[in-house]
Amino acid sequence: MTQTLLIKNVTIIVENEKEITGSLWIEEGKIADISKEGFSDRTANRVIDGKGKNWSVIPGFIDVHIHGAAGHDTMDATQEALEGIATVLPEEGTTSFLATTMTQSEAAISKALANAADYIDHQVDGYRAEIIGIHLEGPFISKDKAGAQPLEHIIAPDLEQFNAWNETARQLIRLVTIAPEEPGALQLIEHLSKSDIVASIGHTNASFAEVAQAVEKGATHVTHLYNQMRGLHHREPGALGAALLHKELSVEIIVDFVHAHQEAVRLAYEAKGPEKMMLITDAMRAKCLAPGEYDLAGQQVTVEDNEARLADGTIAGSVLTLKQAVANLKETVHPSVYDLIQLTSANAAKELNVFDRKGSISTGKDADLVILDEDWDVAVTICKGTIAYEQEGR
Amino acid sequence: MTVKVIVKEDYQEMSCAAAHVVEKKITENPQAVLGLATGSTPLATYKEMVKGYKEGEFSYRNIQTLNLDEYVGLDKKHPQSYHRFMCEHLFDHIDIDLDNTHIPRGDAPDIEQECQRYEGLIDQIGPPDLQILGIGRNGHIGFNEPGTPFDSTTHVVTLTESTRKANARFFSSLEAVPTHSITMGICSILKSKQILLLASGEEKAPAIDRLLNGEVEEDFPASALKNHPDVTLIVDEKAYQKAVK
């Protein structure tokens, strides 16, 4: 892309530096230059001027756990579904994500993986969030903690099956949710760890000791802390106790105040700190749809402001946006902007081995950026140097 | 008037030829007005134009553009808007001044007034020196479906169920697909000084056959082009095969 973009009169949260007030120069979709003085000698194709607006530029959000949005789902296994998700996510500040599958038949998972791999191989730069890999959520999970994952397709962790799937996915599976107490789990975790794939503990009824074993084998991540995992009991601290205590483990958290109480979010933040926590949405296809009744994959779902429920009242998945998660986190723990970007971007980029190109503002990296207004709402989202989203009335 | 026909081997060759026509035009007249279209047909033409610009051979600095159409209800930031399409596939990659690019405003508060404004704009800065055009399987040009009067100017069109279904893929649901579009009329399109009609692939063969061998009738909107003094059809072999039999 020859397009040049100048962002001026903004506060820039630069990697390893104090924030600076100045300008960003973006070229060929990359952050080319950062300056306090500005670039009065150059002319850009596009200019964003934050003068008088009190704007901060931070790295774009990375969502490592998202199934769908705007009527589309990764399991639809179509190019249009992934394109639909990728084009709507910049509205909430997301510039990269892991397309997340769910427990289904072997064939349905294979189809979704092959489709995602095709999409990733051909994805276009700009105007859409980049899919940086696949999160395989299920079927290697516990039937006791299935949640919305269909019981009949849950199977024991199986290294051979995993390898076959990752072959289908052209080695693009980057994160796998596993119940570590299930037979074969530790072997799979060890294999993942050696292959630089994130092994995540989730949908699990594991005891504290079983999680400790998984950590020894190389598990480093926890899928949606609190949800679908054995809770904390003072005589058996369970998967939750282990997740909170083990410094090796980074935890995902859904901060919509539906999946976890506000004070539970505070507790997790106190225990893990900003270095070991990631905001995720775990959103499904009803996200970004107007409130109303929908037929989603054969299920009647009612979408209200911040939740989607089946007719019997069961939560049908999250409709959380990352920008809402940021707002919720802000009122809960009042993080500094430096802490915030760890939870939204840097931790995920480091864990997925893409920190050389994403997850912070530094010259040479992808120009995946979010401009926050003074209330920390997303004013502008930039994907690979293109203005993918601008707040109404800007 | 007869339509000038240039047959190329495939889509890529067709696109290169089309880009050359554009580049010749902007070289002769660096202030030329180009009429542009969206859809899949002109994509590779735009790619070739971007390539020509990047190689430093051509500049669009003083070129003006007028697009054919836009969805009603989508603002220019909407991912499925034709504004976005043009930025993504062409404007972002060349040195054109965005203030010189014109596309009907789908989010105008008074859409009838927007039609008048846009038609006035065509007369004021245009008409295009060169209009790039695709053709639908039923002969539609722009959003002008069969039956559109040949004297139509920029107007609002109710989208047919089949058009909406075909476009539903990238929207959250069929309900989210716009129900109307704003399009240059057939008369507005014919104001262009030169028209470059592009067609590629087997699915377009019946339409090309009917265009070249059929009657001029409102039932087949593209046939109106035969009333224009300077139309060039660049077509690939697959889209042309039926017309020669």
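Glycine too: its Cβ is placed from the backbone N, Cα and C atoms.
Fair warning: this is a prediction, and the values are worked out from it, not measured in the lab.
The domain 'Glucosamine/galactosamine-6-phosphate isomerase' annotation in TrEMBL covers B:17-228. Taken from TrEMBL, the feature active site, proton acceptor covers B:D69, B:H140. Residues or ranges marked as active site, for ring-opening step by TrEMBL: B:N138, B:E145.
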Worksheet, complete the sentence: Fewest neighbouring Cβ atoms within 10 Å among the active-site residues B:D69, B:E145 goes to B:E145
Fill in: Same chain, 6+ residues apart, C-beta under 8 Å of the C-beta of B:H140 (active site, proton acceptor), given in sequence order
B:P146, B:P221, B:A222
Item to complete: To the nearest whole angstrom, state the Cα distance for the pair B:D69 (active site, proton acceptor) and B:N138 (active site, for ring-opening step).
Response: 18
Practice prompt. Pop the Cα-Cα gap between B:E145 (active site, for ring-opening step) and B:N138 (active site, for ring-opening step) into the table, whole Å please.
Written response: 8
Worksheet item: Just how many other Cβ atoms lie inside 10 Å of the Cβ on B:N138 (active site, for ring-opening step)?
Response: 17
Practice prompt. Pop the mean pLDDT for the domain 'Glucosamine/galactosamine-6-phosphate isomerase' (B:17-228) in here, whole number is fine.
Written response: 93
